[in-house]
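Here Swiss-Prot flags LEU79, CYS80, HIS81, MET117, GLU118 as substrate binding site, drawing on sequence analysis. The feature active site is assigned by Swiss-Prot to ASP132.
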Amino acid sequence: MSEAHNELTHLDAAGHARMVDVGDKAVTAREAVARGRVVMQPETLALIMDGKLPKGDVLAVARVAGIMAAKRTAELIPLCHLLNLSHASVQFTPDPASNALEIEATVRCQGQTGVEMEALTAVSIAALTIYDMCKAVDKTMQIDQIRLIAKRGGRSGDWQRPR
């Protein structure tokens with residue numbers, strides 16, 4: 001890691017929190033992909049996939065919640081910049097072998113800073129929404145493995161999580 005990457009950019013010289021000034025950075029295409037999952041009982045996963053939970057269509061509600069969360073990240077994470085997102089999507093993939101529902105969010109913008117936090121927030125809120133809608137039938141659910149998978153654009157360039 002270079003010395004520049006070892007600095008905590010959200011702290012000033014006195015150690016106080018600050019929002020990073022991105023005013024001099026070029027506007028470039030940015031993209032981030034994040035993933036996470038909700039592990040649950042096999043019966044709960046079946047209820048979700050069959051659309052038979054009492055609270056309604058879990059995946060539709062969680063998808064909208066994740067997209068809304070991406071758009072509101074700057075209100076939730078104190079030092080994040082408000083970004084004009086051009087794309088936000090949330091996808092779900094059942095993994096019966098792990099009794100899990102995989103969540104993937106992709107976020108894009110033309111901007112001066114990345115959209116990693118927006119993608120991570122989308123996954124997190126989608127997972128929490130799934131938990132909320134299913135907790136009456138499964139209190140053992142576990143949210144885990146929320147992580148950045150890839151980012152594209154910006155001064156630091158492209159990055160892909162090693163497999």
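Even glycines carry a Cβ here, placed using N, Cα and C.
Shown here: features listed in Swiss-Prot, placed on the structure.
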residue : record                 : DSSP class
LEU79   : substrate binding site : coil
MET117  : substrate binding site : helix
ASP132  : active site            : helix
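Of the chain residues outside the substrate site list LEU79, CYS80, HIS81, MET117, GLU118, THR73, ALA74, ILE77, LEU83, THR113 have their Cβ within 8 Å of the site's Cβ mean position. By the criterion of other Cβ atoms within 10 Å of the residue's own Cβ, the least surrounded of the binding-site residues LEU79, CYS80, MET117 is LEU79. Each of the recorded positions HIS81, GLU118, ASP132 was scored by the other Cβ atoms within 10 Å of its Cβ; the lowest score goes to ASP132. The two recorded residues ASP132 (active site) and GLU118 (substrate binding site) have their Cα atoms spaced 21 Å from each other.
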